[in-house]
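Student: This is the feature table in TrEMBL:
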| type | residues | note |
| --- | --- | --- |
| BINDING | ASN9, TRP10, LYS11, GLY169, SER209, GLY230, GLY231 | substrate binding site |
| ACT_SITE | HIS93 | active site, electrophile |
| ACT_SITE | GLU163 | active site, proton acceptor |
Amino acid sequence: MRRKIAAGNWKMNGTSAALAELAAMAADLPKEPPKVVICPPAPLLFRAVEATRTTGISIGAQDCHMQASGAFTGDISAEMVADTGAAYVIVGHSERRDAHEETNADVRNKAEAAHAAGLTPIICIGEALEDREANNTLDIIGGQLAGSLPDDVSASNTVVAYEPIWAIGTGKVPSLEQIVEVHDYIRAELVHRYGNTIGNAVPLLYGGSVKADNAALIFEAENVDGALVGGASLKAADFIPIVAALAKS
Ligand SMILES: O=C(CO)COP(=O)(O)O
């Protein structure tokens, strides 16, 4: 069975006061929880790892640089992320592809840097509204998969997150049929490139306006193995019901 993962991306939200939410999440995890990963802003990584050390929660960063070190003011390397005790790193989020002009090749290089540092990259892909409206969704997703995923993907070292850009922070969620179509396509592409064993084992997350009241329906899709949650991961009271829905699915 594939790993189920409930991941929270706090984006540029949260100061040290937000660490209390991690304790609240840990206290309310369902019995036999899925893997829970919280990705706070980088300044909180060390303390978030400390705060979750004896819980079932893992910590991830929201980005890393593709180089191991050097003159890259303001950036952090995968090795630095790993040094905090974090185990995951989001790469290729659409907000970084957009605001920082990250290309598929950049994302692939970041995923390779993550692997080299022993981190599990959560590699994000997703189409814009104009791609969806022009019926180009699967072409875009296929190109992002081919360009953003490294060759050294294994059953345990990579997670892929499908986040349609038009669903992020908008309250708009694709229909279950649309989610099934894209996730089945991603699964088929992974099997095609990496073979049955690896392709069928890589967890696929859905992201984009996942909330407590729509999570159970989304988790009905066979190739949805969890969620990458933005706004609803900031508060334990909003996030734990999503974790519980995943545990039940
Ligand atoms: O971008 C996202 C997670 O990475 C999704 O954000 P929302 O859940 O706020 O729509």
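Here the Cβ of each residue, glycine as well, is placed from N, Cα and C on the backbone.
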Student: Can you tell me the CA-to-CA distance separating TRP10 (substrate binding site) and HIS93 (active site, electrophile), as a whole number of Å?
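Tutor: So the Cα of HIS93 (active site, electrophile) lies 12 Å away from that of TRP10 (substrate binding site).
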Student: What is the separation, in Å, between the Cα atoms of ASN9 (substrate binding site) and the residue listed as 'active site, proton acceptor'?
Tutor: 12
Student: Determine the Cβ neighbour count for GLY230 (substrate binding site): the number of other Cβ atoms within 10 Å of its Cβ.
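Tutor: Its Cβ has 21 other Cβ atoms within 10 Å.
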Student: Mind running the binding-site residues TRP10, LYS11, GLY231 against ligand 1 and keeping the ones whose CB falls under 6 Å of it?
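Tutor: List returned for ligand 1: GLY231.
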Student: Please work out which residue of GLY169, GLY231 has the most C-beta neighbours within 10 angstroms of its C-beta, and give that one of the binding-site residues.
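Tutor: Neighbour-count leader: GLY231.
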Student: How big is the Cα-to-Cα gap, in Å, between SER209 (substrate binding site) and HIS93 (active site, electrophile)?
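Tutor: Spelling it out, the Cα of SER209 (substrate binding site) and the Cα of HIS93 (active site, electrophile) are 15 Å apart.
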Student: Which whole number of Å gives the largest C-alpha distance between any two of ASN9, TRP10, LYS11, GLY169, SER209, GLY230, GLY231, the residues noted as binding substrate?
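Tutor: Max span of the substrate binding residues, Cα based, is 14 Å.
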